[in-house]
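Record features (TrEMBL):
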- 14-227: domain 'Glucosamine/galactosamine-6-phosphate isomerase' (DOMAIN)
- D67: active site, proton acceptor (ACT_SITE)
- N136: active site, for ring-opening step (ACT_SITE)
- H138: active site, proton acceptor (ACT_SITE)
- E143: active site, for ring-opening step (ACT_SITE)
Amino acid sequence: MKIIKAKDYEDMSRKAANIISAQVILKPDCVLGLATGSTPIGAYKQLAAWYKKGDVDFAEVSTYNLDEYRGLSHDDPQSYHYFMRENFFDHINIDLNNTHVPDGSNPDAAAACSEYDKIVAAAGYPDLQLLGIGNNGHIGFNEPDDHFSKGTHCVDLTESTIQANSRLFDSIDDVPRQAYTMGTQTIMYARMILVVANGEAKAQAVHDMCYGPVTPKCPASILQLHTNCVVVADEAALSLCE
Ligand code: F6R
(Lines of atoms letter the chains of each structure in order from A; the text may use other names.)
(Lines give C-alpha, C1' and ligand atoms only; values in the text may rest on other atoms or scores of the structure.)
Protein backbone atom coordinates (compact mmCIF):
# COMPACT_ATOMS: atom_id res chain seq x y z
CA MET A 1 0.00 0.00 0.00
CA LYS A 2 1.32 3.41 -0.89
CA ILE A 3 0.09 6.26 1.29
CA ILE A 4 0.14 9.80 -0.09
CA LYS A 5 -0.51 12.59 2.40
CA ALA A 6 -2.49 15.57 1.17
CA LYS A 7 -2.79 18.89 3.00
CA ASP A 8 -6.55 19.18 2.79
CA TYR A 9 -9.60 18.15 0.75
CA GLU A 10 -8.62 20.27 -2.25
CA ASP A 11 -5.11 18.87 -2.34
CA MET A 12 -6.45 15.29 -1.93
CA SER A 13 -8.87 15.87 -4.82
CA ARG A 14 -6.18 17.25 -7.12
CA LYS A 15 -3.75 14.43 -6.34
CA ALA A 16 -6.45 11.79 -6.93
CA ALA A 17 -7.54 13.49 -10.16
CA ASN A 18 -3.91 13.50 -11.32
CA ILE A 19 -3.68 9.74 -10.86
CA ILE A 20 -6.99 9.10 -12.66
CA SER A 21 -6.10 11.44 -15.49
CA ALA A 22 -2.69 9.74 -15.90
CA GLN A 23 -4.55 6.42 -16.24
CA VAL A 24 -6.82 7.85 -18.96
CA ILE A 25 -3.90 9.45 -20.82
CA LEU A 26 -1.86 6.23 -20.69
CA LYS A 27 -4.80 4.08 -21.83
CA PRO A 28 -7.55 6.15 -23.48
CA ASP A 29 -9.94 3.18 -23.65
CA CYS A 30 -9.39 2.21 -20.02
CA VAL A 31 -12.01 0.80 -17.66
CA LEU A 32 -12.57 2.91 -14.55
CA GLY A 33 -14.33 1.65 -11.44
CA LEU A 34 -16.03 4.63 -9.82
CA ALA A 35 -17.48 5.58 -6.45
CA THR A 36 -20.11 8.02 -5.26
CA GLY A 37 -20.23 9.78 -1.87
CA SER A 38 -18.86 13.17 -0.84
CA THR A 39 -15.17 12.29 -0.97
CA PRO A 40 -14.63 11.91 -4.75
CA ILE A 41 -16.69 14.95 -5.79
CA GLY A 42 -13.65 17.27 -5.76
CA ALA A 43 -11.66 14.86 -7.93
CA TYR A 44 -14.56 14.62 -10.41
CA LYS A 45 -14.75 18.43 -10.54
CA GLN A 46 -11.02 18.68 -11.18
CA LEU A 47 -11.18 16.06 -13.95
CA ALA A 48 -14.08 17.92 -15.58
CA ALA A 49 -12.04 21.15 -15.44
CA TRP A 50 -9.06 19.44 -17.08
CA TYR A 51 -11.39 17.96 -19.72
CA LYS A 52 -12.69 21.47 -20.52
CA LYS A 53 -9.10 22.72 -20.90
CA GLY A 54 -8.43 19.87 -23.34
CA ASP A 55 -6.00 18.05 -21.06
CA VAL A 56 -7.88 14.74 -20.76
CA ASP A 57 -10.33 12.98 -23.05
CA PHE A 58 -12.96 10.49 -21.88
CA ALA A 59 -14.38 9.58 -25.32
CA GLU A 60 -13.21 5.97 -25.15
CA VAL A 61 -13.39 5.40 -21.40
CA SER A 62 -15.91 3.02 -19.88
CA THR A 63 -16.96 3.08 -16.24
CA TYR A 64 -18.48 0.69 -13.70
CA ASN A 65 -19.78 2.08 -10.44
CA LEU A 66 -19.52 0.21 -7.19
CA ASP A 67 -23.06 0.35 -5.96
CA GLU A 68 -26.63 1.59 -6.10
CA TYR A 69 -29.50 1.81 -3.64
CA ARG A 70 -32.10 -0.91 -4.15
CA GLY A 71 -35.50 0.45 -5.14
CA LEU A 72 -34.46 3.78 -6.66
CA SER A 73 -35.09 4.52 -10.33
CA HIS A 74 -32.25 5.88 -12.46
CA ASP A 75 -33.70 9.38 -12.51
CA ASP A 76 -34.35 9.55 -8.76
CA PRO A 77 -32.19 12.47 -7.53
CA GLN A 78 -30.99 10.28 -4.62
CA SER A 79 -29.87 7.46 -6.91
CA TYR A 80 -26.21 6.90 -7.71
CA HIS A 81 -27.12 6.90 -11.43
CA TYR A 82 -28.27 10.48 -10.98
CA PHE A 83 -25.29 11.39 -8.77
CA MET A 84 -22.80 10.26 -11.40
CA ARG A 85 -24.44 12.30 -14.15
CA GLU A 86 -24.77 15.37 -12.01
CA ASN A 87 -21.26 15.26 -10.53
CA PHE A 88 -19.23 13.85 -13.41
CA PHE A 89 -20.67 12.34 -16.59
CA ASP A 90 -22.64 15.42 -17.69
CA HIS A 91 -19.47 17.52 -17.51
CA ILE A 92 -17.14 15.36 -19.63
CA ASN A 93 -17.28 13.77 -23.09
CA ILE A 94 -17.95 10.22 -21.92
CA ASP A 95 -20.40 8.15 -23.97
CA LEU A 96 -23.23 7.47 -21.49
CA ASN A 97 -23.69 4.05 -23.11
CA ASN A 98 -20.27 3.18 -21.71
CA THR A 99 -21.21 4.09 -18.13
CA HIS A 100 -22.60 1.42 -15.85
CA VAL A 101 -24.19 1.42 -12.40
CA PRO A 102 -25.96 -1.58 -10.80
CA ASP A 103 -29.66 -1.49 -11.64
CA GLY A 104 -31.33 -0.50 -8.36
CA SER A 105 -34.67 -0.27 -10.13
CA ASN A 106 -34.68 -4.05 -10.69
CA PRO A 107 -36.44 -5.57 -7.67
CA ASP A 108 -35.05 -9.00 -8.57
CA ALA A 109 -31.81 -8.78 -6.57
CA ALA A 110 -30.32 -12.04 -7.85
CA ALA A 111 -30.89 -11.05 -11.49
CA ALA A 112 -29.65 -7.47 -11.04
CA CYS A 113 -26.47 -8.64 -9.27
CA SER A 114 -25.57 -11.50 -11.60
CA GLU A 115 -26.19 -9.27 -14.62
CA TYR A 116 -23.78 -6.69 -13.18
CA ASP A 117 -21.13 -9.31 -12.43
CA LYS A 118 -21.34 -10.47 -16.04
CA ILE A 119 -20.80 -7.03 -17.53
CA VAL A 120 -17.94 -6.14 -15.19
CA ALA A 121 -16.23 -9.46 -16.01
CA ALA A 122 -16.86 -8.99 -19.75
CA ALA A 123 -15.13 -5.59 -19.51
CA GLY A 124 -12.07 -7.33 -18.02
CA TYR A 125 -12.43 -5.57 -14.62
CA PRO A 126 -11.25 -2.02 -13.92
CA ASP A 127 -7.78 -0.80 -14.79
CA LEU A 128 -8.27 1.62 -11.90
CA GLN A 129 -10.84 1.37 -9.13
CA LEU A 130 -11.59 4.55 -7.18
CA LEU A 131 -12.85 3.95 -3.62
CA GLY A 132 -14.05 6.02 -0.72
CA ILE A 133 -14.10 4.46 2.74
CA GLY A 134 -16.94 4.41 5.25
CA ASN A 135 -16.48 5.48 8.88
CA ASN A 136 -16.82 1.79 9.73
CA GLY A 137 -14.27 0.67 7.14
CA HIS A 138 -16.76 -0.31 4.43
CA ILE A 139 -15.80 -0.22 0.76
CA GLY A 140 -18.59 -0.07 -1.77
CA PHE A 141 -21.43 -1.15 0.49
CA ASN A 142 -19.46 -4.10 1.83
CA GLU A 143 -20.17 -3.60 5.50
CA PRO A 144 -18.22 -5.12 8.43
CA ASP A 145 -19.07 -8.82 8.53
CA ASP A 146 -17.60 -12.17 9.50
CA HIS A 147 -16.48 -12.98 5.95
CA PHE A 148 -15.32 -11.09 2.87
CA SER A 149 -17.84 -10.91 0.04
CA LYS A 150 -17.24 -12.11 -3.50
CA GLY A 151 -19.40 -10.85 -6.39
CA THR A 152 -22.18 -8.27 -6.63
CA HIS A 153 -24.82 -8.84 -3.98
CA CYS A 154 -27.68 -7.21 -2.13
CA VAL A 155 -26.82 -5.87 1.32
CA ASP A 156 -28.73 -4.55 4.31
CA LEU A 157 -27.13 -1.23 5.20
CA THR A 158 -25.93 -0.88 8.79
CA GLU A 159 -27.39 1.72 11.11
CA SER A 160 -24.10 3.67 11.02
CA THR A 161 -24.17 3.84 7.21
CA ILE A 162 -27.87 4.80 7.14
CA GLN A 163 -27.07 7.50 9.68
CA ALA A 164 -24.03 8.76 7.72
CA ASN A 165 -25.93 8.82 4.42
CA SER A 166 -29.06 10.45 5.86
CA ARG A 167 -27.37 13.86 5.45
CA LEU A 168 -28.18 13.62 1.75
CA PHE A 169 -31.89 12.81 2.27
CA ASP A 170 -34.79 14.90 3.62
CA SER A 171 -35.19 12.51 6.52
CA ILE A 172 -33.49 9.35 7.79
CA ASP A 173 -36.68 7.41 6.97
CA ASP A 174 -36.10 8.16 3.28
CA VAL A 175 -32.70 6.41 3.21
CA PRO A 176 -33.09 3.06 1.43
CA ARG A 177 -32.27 0.13 3.71
CA GLN A 178 -30.70 -2.03 1.01
CA ALA A 179 -28.23 -1.64 -1.82
CA TYR A 180 -26.63 -3.66 -4.59
CA THR A 181 -22.86 -3.57 -4.32
CA MET A 182 -19.88 -4.97 -6.12
CA GLY A 183 -18.27 -7.59 -3.87
CA THR A 184 -14.87 -7.34 -2.23
CA GLN A 185 -13.38 -10.02 -4.46
CA THR A 186 -14.47 -8.10 -7.57
CA ILE A 187 -12.96 -4.90 -6.16
CA MET A 188 -9.67 -6.76 -5.62
CA TYR A 189 -9.61 -7.77 -9.33
CA ALA A 190 -8.95 -4.14 -10.31
CA ARG A 191 -5.38 -3.69 -11.52
CA MET A 192 -4.95 -0.54 -9.48
CA ILE A 193 -6.93 0.72 -6.51
CA LEU A 194 -7.06 4.37 -5.47
CA VAL A 195 -8.63 5.11 -2.08
CA VAL A 196 -9.53 8.70 -1.19
CA ALA A 197 -10.30 9.81 2.36
CA ASN A 198 -10.57 13.11 4.16
CA GLY A 199 -11.57 14.40 7.55
CA GLU A 200 -11.18 13.29 11.12
CA ALA A 201 -14.26 11.06 11.02
CA LYS A 202 -12.33 8.71 8.72
CA ALA A 203 -9.16 8.57 10.84
CA GLN A 204 -9.90 5.29 12.63
CA ALA A 205 -11.08 3.55 9.47
CA VAL A 206 -8.02 4.76 7.54
CA HIS A 207 -5.72 3.56 10.32
CA ASP A 208 -7.40 0.14 10.42
CA MET A 209 -7.35 -0.12 6.61
CA CYS A 210 -3.61 0.58 6.46
CA TYR A 211 -2.25 -0.90 9.70
CA GLY A 212 -4.92 -3.04 11.35
CA PRO A 213 -5.32 -6.79 10.98
CA VAL A 214 -6.73 -7.97 7.65
CA THR A 215 -10.25 -8.78 8.73
CA PRO A 216 -13.79 -8.58 7.32
CA LYS A 217 -14.61 -6.55 10.45
CA CYS A 218 -12.84 -3.75 8.54
CA PRO A 219 -13.55 -4.63 4.88
CA ALA A 220 -11.02 -2.05 3.59
CA SER A 221 -8.20 -3.87 5.42
CA ILE A 222 -8.11 -6.45 2.60
CA LEU A 223 -6.60 -3.73 0.42
CA GLN A 224 -3.31 -4.38 2.28
CA LEU A 225 -3.13 -7.56 0.17
CA HIS A 226 -3.57 -5.75 -3.16
CA THR A 227 -0.33 -5.36 -5.10
CA ASN A 228 -1.11 -1.87 -6.40
CA CYS A 229 -3.16 0.11 -3.92
CA VAL A 230 -2.65 3.84 -3.38
CA VAL A 231 -4.30 5.79 -0.56
CA VAL A 232 -4.58 9.56 -0.95
CA ALA A 233 -5.76 11.05 2.33
CA ASP A 234 -5.62 14.42 4.02
CA GLU A 235 -3.83 15.15 7.29
CA ALA A 236 -6.99 14.75 9.38
CA ALA A 237 -7.79 11.33 7.91
CA LEU A 238 -4.17 10.24 8.49
CA SER A 239 -4.02 11.66 12.03
CA LEU A 240 -4.03 8.22 13.69
CA CYS A 241 -1.42 6.84 11.30
CA GLU A 242 1.60 8.77 12.62
C1 F6R B 1 -20.01 5.00 -2.62
C2 F6R B 1 -19.43 3.96 -1.80
C3 F6R B 1 -19.18 4.15 -0.35
C4 F6R B 1 -18.50 5.48 -0.02
C5 F6R B 1 -18.27 5.60 1.49
C6 F6R B 1 -17.69 6.95 1.85
O7 F6R B 1 -20.15 4.55 -3.96
O8 F6R B 1 -19.18 2.94 -2.31
O9 F6R B 1 -18.36 3.10 0.10
O10 F6R B 1 -17.30 5.57 -0.71
O11 F6R B 1 -19.49 5.44 2.16
O12 F6R B 1 -18.64 7.94 1.58
P13 F6R B 1 -18.28 9.49 1.68
O14 F6R B 1 -17.30 9.77 0.60
O15 F6R B 1 -19.60 10.20 1.43
O16 F6R B 1 -17.75 9.71 3.04
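Backbone N, Cα and C define each Cβ position, glycine as well.
Because TrEMBL annotations are produced automatically, they should be read as predictions rather than curated entries.
Structure coloured by features recorded in TrEMBL.
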{"residue": "D67", "record": "active site, proton acceptor", "contacts (Cβ under 8 Å, 6+ apart)": "T36, Y80, P102, G140, F141, A179, Y180, T181, M182"}
{"residue": "N136", "record": "active site, for ring-opening step", "contacts (Cβ under 8 Å, 6+ apart)": "E143, P144, T158, S160, T161, A205, C218"}
{"residue": "H138", "record": "active site, proton acceptor", "contacts (Cβ under 8 Å, 6+ apart)": "P144, T158, T161, P219, A220"}
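Packing around E143 (active site, for ring-opening step) is summarised by its Cβ count: 21 other Cβ atoms lie within 10 angstroms of its Cβ, all protein chains included.
DSSP classifies D67 (active site, proton acceptor) as strand under the three-state reduction. Checking the active-site residues D67, N136, E143 for a CB within less than 6 Å of any atom of ligand 1 leaves D67, listed in sequence order. The average per-residue pLDDT of the prediction over the domain 'Glucosamine/galactosamine-6-phosphate isomerase' (14-227) is 97, rounded to a whole number.
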